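Let me begin by presenting the structure, written as structure tokens, before commenting on it.
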Amino acid sequence: MATLSLNNPSRTRNPAPHHHKPISKICSLTRPTKISFNFSTKTPPKLHHFRPIKSVSESSLSEPKEAEAESDDFEDDPTQELSYLDEETDPESITEWELDFCSRPILDIRGKKMWELVACDNSLSLQYTKYFPNNVINSITLKDAIVSICDDLGVPIPEKIRFFRSQMQTIITKACKELGIKPIPSKRCLSLLLWLEERYETVYMRHPGFQKGSKPLLALDNPFPMELPENLVGERWAFVQLPFSAVMEEIASFETRFIFGASLDLDLLGIEIDDKTLIPGLSVATSRAQPLAAWMNGLEVCSIEADTARACLILSVGISTRYVYATYKKTPVTTSEAEAWEAAKKACGGLHFLAIQEDLDSDDCVGFWLLLDLPPPPV
């Protein structure tokens, strides 16, 4: 397995390859055309763990039988709004939200596109939706709506709110800061993104005002990748694979030892993978692994992409930032390996990981991020 230097202006862009022993429990892609997998996951993954939903008019003190009946009524009415909190969840434990405030492919009685606020936590214990006319879209409306959610559901003002549309950053940031909330621009709003995908099919398409073929008003950005900042530069990297069981061991280590990184709720996302399935990843080694992992930890790492046309790796962070994370000399061998890595990622429903180590021969990771490459939502 060839290991190539990470991109750095002070270093050559196409360095000579070096050879190394893969890190413990990780298999290198030495035979990219013969990678074998045993998958039980679905591509793309679907949400299988949605909580029962209640309408806005439903009381949190309703009797179980009444709540069940009203929930059934809601499912037949795509015009209804949601205001739901899982009764088994401690309201004080919900400190982080995921939020979208955008137009929908639905026309109101004036013939104008309706806007919708969709908010949830990453476990979907909190679910809230509300429609708005297009002439009241501002930070004041959003701030008042956030306060209303907290009042209606009896939850505290969240400490953080993640959002994924760069075009709404000004409005969302202003509303959050006026309430003392930390706004986090991030595409790691996976519960929200998959919920929007499901709502498109189960709600928006069934709405009487639905406009078939309508394109999203605020499409997600996909800017040209920039040069990697010096503080994010590593020294060596390798395409690797890790059995799913070992991935779970790394995630579990977050609670037993200090390690930078982030996980995903795979049960909520409906991703079911056999323990022996090999998950593709990228291993990055550097003598300054601790500071590098610390810097990466504040970036909301979203995904890594192998761009075979440009012979480089693209790192996506936040909502609209893309970096040329590494370059390599384009040869039939390196192209085949990059294609195999992308194919492995696609076969896993977009699941992959980033590991940061002090050395590629090390048994331990200083940083570990579980990532999911999702297509943009249809709205």
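Heads up, the Cβ atoms here are built off N, Cα and C, so glycines get one too.
Positions annotated as compositional bias 'Polar residues' by TrEMBL: 1-13.
The compositional bias 'Acidic residues' annotation in TrEMBL covers 69-78.
Per TrEMBL, the feature domain 'RNA-binding protein Tab2-like N-terminal' maps to 97-199. For the domain 'RNA-binding protein Tab2-like N-terminal' (97-199), the mean pLDDT of the prediction comes to 96.
Among the features that TrEMBL reports, domain 'RNA-binding protein Tab2/Atab2 C-terminal' is placed at 216-371.
TrEMBL lists 1-24 (among others) with the feature region 'Disordered'.
What TrEMBL records for 52-78 (among others) is region 'Disordered'.
Residue counts for the domain 'RNA-binding protein Tab2-like N-terminal' (97-199) under DSSP (helix as H, G, I; strand as E, B; rest coil) come to 41 helix, 34 strand, 28 coil.
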